[in-house]
Each structure stands twice: as C-alpha cells, then as structure tokens.
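First the structure, in the form of structure tokens, and then the observations on it.
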Amino acid sequence: METTALEHIRSGHLLMAVCCFLYLVWWVIFFWPKVSGGSAEGPLHTLGIAAIIGAVIAAAFGTTRICGGAVSLFRDATPATVVTVASAALLYIVLLVITWKMFERQPTTELLLFVAWLAMELFVAVALSQAGMPGLPVVIAVGAMAGFIGSLVCYMLYYQLKPLPSFIDGCIPLALVGAISIAAALL
C-alpha cells in the first residue's frame, strides 16, 4: 500500500509541475503583451486559453492523486483532513484580511491557490510522517514553506512594480512551485 501511495503522490506532483508549466505559458501569453502595450490575438490567444484549461485539468488530477496517496497512508485520515481544511480556511481568511485591509492589496485567486497548495503539501508531510518515512516529511514541509513564503512575497509586490518587473514577479511563484513539485516527484 505504501508503494502505491508514494507512486500516487509522485505522479500527482508531476501533474502539478505540468500545471505550473501550463499556467506559466498562459501567464506569458496574456501578461507579456501588457509589458509592450499589446495583447495576445489569434492562434496565440487560443493557445493561451488551451494552456490555462490544461493547467486546471492537470491541477485537478494532480491534487486528486497527491491527496489520494496521502490519505491512504493514514489509518484514519479524518482528523488530519479536518484539521488541514480548517487550518487552510483560517490561514486564507487571516491572510486575505491582512493583505487586503491592512496593505490594500487587491485580492486575487493566487492567494487561495498558494494557501491550498501549502495545505496540501503539509497534509502530505503529515501522512508521510504517520507512515514512518524519516526525512521525507521534513523535506516536503520545508519545500512547501519556502514555496509559500516566496509566492506570498511575490503576491504582495506584484501591484507595486512596473510592468516588466511585475511580469517577472508573476512568473516566479509558478516556476518555484513547479520546481518544488518536480523535486517532490523525484524524492
């Protein structure tokens, strides 16, 4: 059972890396033109739409594989699942209030995505720990925290930057989470 669970977690992380790549393709197609004052048109526009749809599909399958693998490592996953979901909801609300009300950062979907990704990765770390896999949970948790903090910093800076730096700032979380996902798949 552990071997199958690890295979699901690893393949899910590969799908998350694909998600990040496709999301990055969408980002480049639709946000690079804003740096130069243009917009994506024709086949490029269609490719961008296909990329974001592909990213959503890869994320859906990836999270299902990752979470399914993690759940199977628990004797009883209910307590960890409830704590993870409740903690993620609370963290999202707290960060939303802080970033929006205190720092006047316009809320976007990315904050929800960062928090959900962090919660999923920490859930995996707890599951791996419960399964008695030394070292691996720490690597997953540290990678998740690094990816989350880096993404949150970029999230906060985005609207304060000029067009080219903000474009690059938007690429960083996708590249970071994609790299962390590849690393997790190879562990």
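Cβ atoms are placed via backbone N, Cα and C, with glycine included.
Those TrEMBL annotations? Automatic predictions, nothing curated.
The feature transmembrane segment is assigned by TrEMBL to 12-32, 44-68, 80-99, 111-129, 136-158, 164-186.
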**Request:** Could you name the stretch, out of 44-68, 111-129, 136-158, 164-186, with the greatest number of CB pairs under 8 A to the transmembrane segment (12-32)?
**Result:** 44-68
**Asked** Relative to the transmembrane segment (80-99), which of 44-68, 136-158, 164-186 accounts for the most Cβ pairs at distances under 8 Å?
**Response** 136-158
**Fill in**
Sequence-distant residues near the transmembrane segment (44-68) by C-beta distance (under 8 Å, 6 or more away from its ends) are 8-9, 11-16, 18-20, 22-23, 25-26, 29-30, 120, 123-124, 181
**Complete:** Near the transmembrane segment (164-186) in space but 6 or more residues beyond its ends, with Cβ under 8 Å, are 9-11, 13-14, 16-17, 19-21, 23-24, 27-28, 31-32, 34-35, 62, 110, 114, 117, 121, 124, 140, 143-144, 146-147, 150-151, 154-155, 157-158
